[in-house]
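Listed in Swiss-Prot for this protein:
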type	residues	note
DISULFID	CYS52-CYS127	disulfide bond
DISULFID	CYS171-CYS223	disulfide bond
DISULFID	CYS270-CYS315	disulfide bond
DOMAIN	148-237	domain 'Ig-like C2-type 1'
CARBOHYD	ASN281	N-linked glycosylation site
REGION	399-447	region 'Disordered'
REGION	457-476	region 'Disordered'
TOPO_DOM	371-510	topological domain 'Cytoplasmic'
TRANSMEM	350-370	transmembrane segment
Amino acid sequence: MPLSLGAEMWGPEAWLLLLLLLASFTGRCPAGELETSDVVTVVLGQDAKLPCFYRGDSGEQVGQVAWARVDAGEGAQELALLHSKYGLHVSPAYEGRVEQPPPPRNPLDGSVLLRNAVQADEGEYECRVSTFPAGSFQARLRLRVLVPPLPSLNPGPALEEGQGLTLAASCTAEGSPAPSVTWDTEVKGTTSSRSFKHSRSAAVTSEFHLVPSRSMNGQPLTCVVSHPGLLQDQRITHILHVSFLAEASVRGLEDQNLWHIGREGAMLKCLSEGQPPPSYNWTRLDGPLPSGVRVDGDTLGFPPLTTEHSGIYVCHVSNEFSSRDSQVTVDVLDPQEDSGKQVDLVSASVVVVGVIAALLFCLLVVVVVLMSRYHRRKAQQMTQKYEEELTLTRENSIRRLHSHHTDPRSQPEESVGLRAEGHPDSLKDNSSCSVMSEEPEGRSYSTLTTVREIETQTELLSPGSGRAEEEEDQDEGIKQAMNHFVQENGTLRAKPTGNGIYINGRGHLV
């Protein structure tokens, strides 16, 4: 009786609760499992979905799903409770931040949405699912909140040309996890980085150092920050400003001939560049600026030119960094004076050319005279030498003739050519003979003389004899000479001999 009464007092809800309790004590049903993620990543300020889906057999039902935060070293903190009949119940600490996903909803899906995630939400979360009739299941996941960095760029001190290694700019970014900071630029320099860690984030600072030069002025220097919480890299660009002042120069006097009296529109322009932009000032070194001259920044304009505009003009360029000066000399030309100068120049040129020509002519005359004297002296030396040789030859001939006269058998064979004309006892004056012999010492001589010279020399050899003896000696000499010739058709021809040489009638010596 009591048992039946007790059974009548239990309703279906009581029986379902009892079955859930029994399932929790007996363990999970091997037929079902929970599907979730190990790590859920969300960017700061966005909504985080905490997945928890029960996958079981058909006919199984999910009674409720309980979410709790279970950080290490701390107790479980209730987050929300989803009941199949009574709906969602959120803990007061998360009121207004925990919701169910928008419909349609699956009865087996126990996922929840955590609105507007903050860094404090990072940690581990547990999903506990109670099913019928399989029992209860649980799974854990870790929520990771990314804090995107907010980079900032700070320029360094003022850059000036001529400085050493100087800080150009520094870039700082803080986030969770630590961001990456790099530089994008065409400027040559060096970088250095340092980081600082906080409880929930880390800050990174990178510095860019360079040696300032005017070529860097106006160049971009970009800080690039990379982070997982950013859809794309963040870039901050800084334009470099390097203080400098270039050398000054003045243009307008490239053709000095254009600066003549009466010219209009003449001007001088001062060229320079710098950072900050320089200012220009014109002065005249040898006095004040002439009347009518216009100063327009870097340009100095002149009225129609006169001789009063001649002078030394100075362009003074300056900025906050430095100052420069450049000066030019203006010489306004008078066309009439220029023509006179040109005539004088031509006359001087003609005189110079004439002097040079005269010098060259004198030099030529000297060379001709010297060469003539040289050749004359050379000819005299050759003539003197020839006469000496001829004298020596004649002396040898005298000795040879004397030898022939005294001992004709000791004479070698000779060859003499004579042309017989006129008196049979005389020979032609220009006839010649050649006598070749060898001295006992082995030396040889060749002689050339006329028959008249032979007769004269023969007379000189016998000065003490009478006239009869002289004629007899002459006849004897002629006879001896005729032994070497044959008469043919009124002409004397030399007999063939190994030592004889035929000489023509011109008296050449061979």
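All residue numbers here begin at 1 and follow the chain in the order shown.
Just so you know, glycine gets a Cβ as well, placed from its N, Cα and C.
Taking the features listed in Swiss-Prot, we show where each one sits on the structure.
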| residue | record | Cβ neighbours (10 Å) |
| --- | --- | --- |
| CYS52 | disulfide bond | 26 |
| CYS127 | disulfide bond | 25 |
| CYS171 | disulfide bond | 25 |
| CYS223 | disulfide bond | 25 |
| CYS270 | disulfide bond | 26 |
| ASN281 | N-linked glycosylation site | 15 |
| CYS315 | disulfide bond | 24 |
Distance check against CYS315 (disulfide bond) for the recorded positions CYS52, CYS127, ASN281, keeping those with Cα within 10 Å: ASN281
Spatial neighbours of the transmembrane segment (350-370) far in sequence, C-beta under 8 Å, 6+ residues away: none
Neighbouring recorded positions, C-alpha within 10 angstroms of CYS127 (disulfide bond) - of CYS171, CYS223, CYS270, ASN281: none
Within 10 angstroms of CYS52 (disulfide bond), Cα basis - recorded positions out of CYS171, CYS223, CYS270, ASN281: none
When distances run from the Cα of ASN281 (N-linked glycosylation site) to each of the disulfide-bonded residues CYS171, CYS223, CYS270, the nearest one: CYS270
Helix, strand or coil at CYS315 (disulfide bond) [DSSP, three-state]: strand
Within the domain 'Ig-like C2-type 1' (148-237), residues counted as helix, strand or coil by DSSP: 3 helix, 50 strand, 37 coil
Inter-residue Cα distance where the pair is CYS223 (disulfide bond) and CYS270 (disulfide bond), in Å: 39
